[in-house]
């Protein structure tokens, strides 16, 4: 059976499954649409949270990032998992007890203010759109790469599928499709990783394999360190980022994770307060299966890559001797080679092989002497090869010579990762519009049925906008991820924490804190990402990725100061706070 | 009413104490072992890994999982003790 046919079967089969679940889990009320009726078992919610959380970026790009930056990749590995500890202890149980549908619900009610609610709504929508654009693009890329259709076609197919289960099923449909998507994506990630670990080290468990000793008598990591130094990189197990920057980036990602609306809202779907804690525990286990495998895939992938390209003697290998996958991925633009010294050998080392980082291929599609795709911008660095980071996961099955069905499985896994995250985000956007804006702010008199119609309409509009961004990606998608986490860390996260842990925090404090936190964070990121600020101007050496932490600290300080100078919150608010701190009564609290 | 609210506030104090303990471990495993003292720990070998590197890329995540489940069990017990479970 050909690879194309297998890929169609795997992706088609998974789509049939998702649609089947969507039809089975149609939502009949706003409560089912927003929070799946509040009756999702914690294990299922943990899986759904994991699928929601692990996006196309986690699945495709994370191993590549770690592979190319070595130890510093820990900022992402710890940052994107440590937030769940914060969720389990500081947010999820209390928000579940509060028992409404959305993050702006909590912020608006706790701070008895539509201004606070509106700030939370704007943050929610901006954060979610930032994210979702990347997901739709991810679906399109996977389609075009594996099924040889245009990216646009891929995006449209993705839109139709998401439309089906997000619009029909709401949170209920999304939750159960996410459970299925988690199974597909984790299988697709683990199978090649286990094969790879067996091949390189003989260890069945990739996590342990990374510490193994190779036939040469050296450990994997020592080999990596020596190879890296020989090629002019820093040692793999050493960091390049400063300690303070690592600290602030990790903190911004952790607090940002705990403040992301599409993650928080998942904890509204379980029956009891206790289940909110338990499902955070499950979610982190399911996420950790992938996240602790990532460093192994990164390490093995890098050893394989360097040894394949440069040969065991590290002198370079003739282009004509390159394996099939090298040429396949060159054809799709993830690899490029320029024979700078004219010896016909491919050689990889530190430094950008091409001016500006990415290769520009010859527009006429001309081929060089050896049959390589010609490029127009080789640099004067000794390195002759451009390798896209994403290759570490996408090309793994081919590098390890795995059977075709594994390649097809990886394709289905990447699509599952992108779709599950996109659906979760679209739901949050539509809820924000129908519930927080329409029902709570503009027209409180609409009926449940009308609100549900608005929610579905908003979901449709959101899918169309997300699809538009997927087809015409704004050039700044990669840059704005820092913005999404920075915004979540500096606004939503502190506002919720103070709302639970301080009975003294009032509207004035919360609003002032959010405004100060948001504006400083956004200003800093915009200055360095879009207005040409350079790294030597970083305040205390903190990169824009890490500045959300500063914004968060400012938020806490300003909010505390302002609340001390303004009147206490009213008595009934203090009762609400006392009430959310006690688990009993959550089941009643959800019926309004 | 007053005994009830006293019990509620002592429940909350115990909860805060548990949270604080676990957050200290959370901080020590990730920011401590994985970032601040990573170079010192790297001098120790651990199953083929430099220890600091292991914490930064795997160990901290295992600690996170342990912490959430420890919190689940601590709170289940506390909820029973104060009779506030559902």
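Each residue's number is its place along the chain shown, starting with 1.
Just so you know, glycine gets a Cβ as well, placed from its N, Cα and C.
So that you can see what the record holds, here are the features copied from TrEMBL:
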type	residues	note
TRANSMEM	A:6-25	transmembrane segment
TRANSMEM	A:75-95	transmembrane segment
TRANSMEM	A:115-134	transmembrane segment
TRANSMEM	A:146-167	transmembrane segment
TRANSMEM	A:179-198	transmembrane segment
TRANSMEM	A:246-268	transmembrane segment
TRANSMEM	A:280-300	transmembrane segment
REGION	A:360-380	region 'Disordered'
TRANSMEM	A:405-433	transmembrane segment
TRANSMEM	A:454-471	transmembrane segment
TRANSMEM	A:477-497	transmembrane segment
TRANSMEM	A:509-527	transmembrane segment
TRANSMEM	A:539-562	transmembrane segment
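Residues 146-147, 161, 164-165, 168-169, 172-173, 175-177, 180-181, 184, 404-405, 407-409, 411-412, 415-416, 419 of the same chain lie 6+ residues outside the transmembrane segment (A:6-25) yet bring a C-beta within less than 8 angstroms of a C-beta in it. Contact count against the transmembrane segment (A:179-198) (Cβ pairs under 8 Å) is highest for A:280-300, out of A:146-167, A:280-300, A:454-471, A:509-527, A:539-562. Taking Cβ pairs closer than 8 Å, the transmembrane segment (A:75-95) reaches residues 53, 58, 62, 65-66, 106, 241, 246, 249-258, 263-264, 267-268, 273-274, 276-277, 279-281, 283-284, 287-288, 291, 294-295, 496-497, 500-501, 545, 580-581, 583 in its own chain, all 6 or more past its ends. By the Cβ criterion (under 8 Å, sequence separation of 6 or more), the transmembrane segment (A:454-471) is in contact with the transmembrane segment (A:146-167), since 3+ such pairs are found.
The highest tally of CB pairs under 8 A with the transmembrane segment (A:115-134), across A:405-433, A:477-497, A:539-562, is held by A:477-497. Between the transmembrane segment (A:477-497) and the transmembrane segment (A:146-167) there are fewer than 3 Cβ pairs closer than 8 Å, counting only residues 6 or more apart in sequence, so the two stretches are not in contact. Taking residue pairs at least 6 apart in sequence, the transmembrane segment (A:146-167) and the transmembrane segment (A:405-433) share three or more C-beta contacts under 8 angstroms. Through the fold, the transmembrane segment (A:146-167) approaches residues 4, 7-8, 11, 15, 18-19, 21-22, 25, 136-137, 139-140, 173-174, 177, 407-408, 411, 415, 418-419, 422-423, 426-427, 430, 456, 459-460, 463-464, 466-467, 470-471 of its own chain, all at least 6 residues removed from its boundaries and within a Cβ separation under 8 Å. With helix defined as DSSP H, G or I and strand as E or B, the region 'Disordered' (A:360-380) counts 0 helix, 5 strand, 16 coil.
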